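Taken from Swiss-Prot, the feature active site, proton donor applies to Glu112. Sequence annotations record features per position, and here Swiss-Prot assigns substrate binding site to Asn97, Gln98, Glu99. Per Swiss-Prot, the feature Zn(2+) binding site maps to His110, Cys137, Cys140. For 56-176, the entry in Swiss-Prot reads domain 'CMP/dCMP-type deaminase 1'. Per Swiss-Prot, the feature domain 'CMP/dCMP-type deaminase 2' maps to 194-299.
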Amino acid sequence: MTMPTLSALQHRLAQLAEQKNEPLTLAIIEQLKQQSYQGALSAPLVQQFCQQFSLSKIELGLGCVPIAACYALTPVSHFCVGAVAIGLSGSFYFGANQEFAGIAMQQTVHAEQSAISHAWLAGEGAISDMVVNCTPCGHCRQFMNELNTATTLQIHLPHRQHNTLQQYLIDAFGPKDLNIANVLFDQQHIVLPLQGDALVQATIKEAQQAYAPYSQAVSAVALQVGEQIICGRYAENAAFNPSLLPLQSALNYRRFLGLSDVAVSRVVMVEKRAVLSHYHMSKALAETALGLTLEYIAV
């Protein structure tokens with residue numbers, strides 16, 4: 001099983017452009033082409049599109065959601081969900097659901113997780129708004145409750161805008177109930193000893209930014225993608241099951257960097273020894289999604 005190809009993405013975008021046949025969609029798709037299909041819009045581009053089409057940021061985000069959905073990988077559901085995480089910086093980060101055939105359903109990345117992980121890996125400091133084409137499921141509501149902006153986060157749907165996450169997750173259980181002050185998107189203070197070659201060292205450095213306050217099982221994955229190194233990191237959750245594993249994070253980021261057609265030659269995982277491990281799940285996904293053996297280092 002492989003990740004969706006760039007040609008498949010281009011085909012979906014062409015179909016969407018034909019169906020919509022309106023200036024905003026065409027302009028955004030053209031911009032994506034110019035940036036080699038990296039699924040994000042910088043703050044200056046967001047401002048430019050808002051001015052050009054006389055739209056608010058939220059209206060522009062709603063216009064981007066069907067485009068974000070074109071990045072979905074859905075061999076199981078055949079149902080594409082698109083999301084746009086709006087950073088405090090003003091940048092837009094696209095997300096889409098990522099499913100993996102031939103492996104457990106629990107390996108799935110939800111669209112909101114996809115957009116949030118995309119923003120986190122891109123260096124965004126916080127998320128102010130989440131725009132999505134479908135009502136967030138309970139899994140995603142709980143995942144978003146881990147954010148450092150959970151109390152102010154605004155959720156926007158095509159049929160309903162400007163509702164807080166708290167309106168979707170009443171009497172929520174979250175990190176504060178477990179006395180966690182330094183939450184997702186806050187700076188983490190983890191020190192791990194460096195070792196190994198450049199790919200291993202990149203993985204270790206990424207693991208130092210992982211978020212695992214409940215198990216302490218910080219981990220990261222690095223992919224050798226052509227000449228580039230793409231990393232993903234573990235994002236734990238107070239409810240445990242909505243946690244996002246590092247290989248899913250890395251594969252998702254690869255997709256939104258427009259590199260899904262570039263072969264992965266190595267996959268390395270670094271994990272701190274703790275009460276639990278995600279090695280076996282990650283090993284299975286590496287073999288199924290990439291046809292590669294996971295190189296694993298416990299520190």
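Here the Cβ of each residue, glycine as well, is placed from N, Cα and C on the backbone.
Using a 10 Å Cα-Cα cut-off around Gln98 (substrate binding site), the recorded positions Glu112, Cys137, Cys140 reduce to an empty set.
Classification of Gln98 (substrate binding site) by DSSP places it within a strand.
Close to the residue listed as 'active site, proton donor', meaning Cα to Cα within 10 A, are the following binding-site residues out of Asn97, Glu99, Cys140: Asn97, Cys140. Apart from the site residues Asn97, Gln98, Glu99, the chain places the Cβ of Ala72, Leu73, Thr74, Val76, Ser77, Ala96, Phe100, Thr108, Val109, His110, Ala111, Ser114 no farther than 8 Å from the centroid of the site's Cβ atoms, the recorded substrate location.
One residue stands out among the recorded positions Glu99, Glu112 for having the most other Cβ atoms within 10 Å of its Cβ: Glu112. In sequence order, Ala111, Glu112, Gln113, Pro136, Gly138, His139, Arg141, Phe143 are the same-chain residues whose CB sits within 8 A of the CB centroid of His110, Cys137, Cys140, the residues recorded for Zn(2+) being left out. For the binding-site residues Cys137, Cys140, the greatest number of Cβ atoms within 10 Å around a candidate Cβ is found at Cys140. Looking at Cys137 (Zn(2+) binding site) and Glu99 (substrate binding site), their Cα atoms lie 16 Å from each other. Taking the Cα atom of each, Asn97 (substrate binding site) and His110 (Zn(2+) binding site) are about 5 angstrom apart. Here Cys140 (Zn(2+) binding site) is positioned 15 angstrom away from Glu99 (substrate binding site), judged by their C-alpha atoms. Long-range neighbours of His110 (Zn(2+) binding site) (same chain, six or more residues apart, CB within less than 8 Å of its CB): Val81, Asn97, Cys137, His139, Cys140, Phe143.
Residues belonging to the domain 'CMP/dCMP-type deaminase 1' (56-176) score a mean pLDDT of 98 in the model. Taking all protein chains in view, 25 other C-beta atoms sit within 10 angstroms of the C-beta of Asn97 (substrate binding site).
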